[in-house]
Amino acid sequence: MNGKIIKGIGGFYYIKTDQGLIECKARGKFRHKDIKPMVGDDVTIKMEHGKGVIEEIHERKSELVRPTVANVSLAFVVFAVKNPDINFDLLNKFLILCEYNNIEVIVCLNKIDLVSEEEREEIKKRINVIGYEVLFINAKKGIGIERLEEKIRGNITVFCGPSGAGKSTLINKLSNKEHMETGNVSVKLGRGKHTTRHSELIEVADGYIVDTPGFSTLEIKDLMDKNSLKYCFPEFTQYNDKCKYRGCLHYKEPNCALKEAVESEKINRYRYEFYVRALEEIIEEEKNKW
């Protein structure tokens with residue numbers, strides 16, 4: 001019998017099948033091979049003495065670490081436009097994580113009533129220019145929900161973003177229930193409390209959504225090596241093979257096509273500077289390993 005893991009708690013996995021939801025444990029062989037079932041996994045299960053057992057985990061199309069979710073095909077990166085202000089460094093980190101895992105990204109900007117139309121367009125332009133679609137939403141008022149449902153259809157969609165951006169409120173709207181506790185934003189800090197207890201797939205609009213377990217502490221240097229980073233910036237693609245030196249990191253090498261594009265304002269300088277900072281962190285991390 002085949003199904004999909006929609007929830008995992010304490011070694012038990014809840015599999016959605018044609019025969020309903022079945023609670024399962026994983027075969028010991030997975031533990032011996034250091035393989036752990038993940039929410040989002042497509043699996044084959046078997047009933048033994050009235051209890052479900054996971055026999056096979058099908059090949060994963062993608063795999064996230066934070067949150068621990070498999071087969072995600074779309075990511076909504078949720079940020080508030082105000083309260084708190086957008087942290088573009090953190091936004092870049094989320095974008096890189098998604099790119100590294102080959103997951104399509106849509107940036108969702110919440111609390112749109114807190115800024116003017118002019119400010120919204122300026123933010124949208126800044127994100128569009130690096131290759132990402134932007135949707136404006138108001139999670140509390142339900143503005144933009146239908147657009148999100150259109151995108152969710154046929155996908156496993158993950159929501160990521162900082163605490164206080166409105167992810168839990170948004171998921172409550174989409175799932176039509178108080179699926180998770182929603183932390184109030186601290187007036188002093190302007191940040192939400194860590195409230196999400198675990199990852200779980202929720203069926204919405206002929207697709208699935210999964211929330212991150214609160215806010216993730218992302219470290220790019222732990223995700224990839226120095227040669228992989230440049231491929232996580234879509235706007236760099238057309239320049240990666242045009243440099244004088246093969247394997248150019250777009251860092252200190254001469255005759256670099258990307259650096260020339262930055263100087264001629266074809267590439268956003270802020271994004272390039274962020275790339276350099278991230279690259280230097282990776283290089284330093286690699287030095288420390290040896």
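Placed from the backbone N, Cα and C atoms, the Cβ positions cover glycine too.
Per Swiss-Prot, GTP binding site is recorded for ASN110, LYS111, ILE112, ASP113, GLY161, PRO162, SER163, GLY164, ALA165, GLY166, LYS167, SER168, THR169, and the stated evidence type is sequence analysis. When Cβ atoms from all protein chains are considered, those within 10 Å of SER163 (GTP binding site) total 22, not counting its own. A coil conformation is recorded for SER163 (GTP binding site) in the three-state DSSP classification, outside any helix or strand.
Using a 10 Å radius centred on the Cβ of CYS256 (Zn(2+) binding site) and all shown protein chains, the other Cβ atoms total 19. Sequence annotations record features per position, and here Swiss-Prot assigns Zn(2+) binding site to CYS243, CYS248, HIS250, CYS256.
Taken from Swiss-Prot, the feature domain 'CP-type G' applies to 61-218.
A strand conformation is recorded for ASN110 (GTP binding site) in the three-state DSSP classification. One residue stands out among the binding-site residues ILE112, ALA165, CYS243, CYS248 for having the most other Cβ atoms within 10 Å of its Cβ: ALA165. Averaged across the domain 'CP-type G' (61-218), pLDDT in this predicted model comes to 83. Around HIS250 (Zn(2+) binding site), the same-chain residues at least 6 positions away in sequence with a Cβ under 8 Å from its Cβ are LYS230, PHE236, TYR239, CYS243, CYS256, LEU258, LYS259, TYR272, TYR275. For THR169 (GTP binding site), the Cβ neighbour count at a 10 Å cut-off comes to 19, with all displayed protein chains included.
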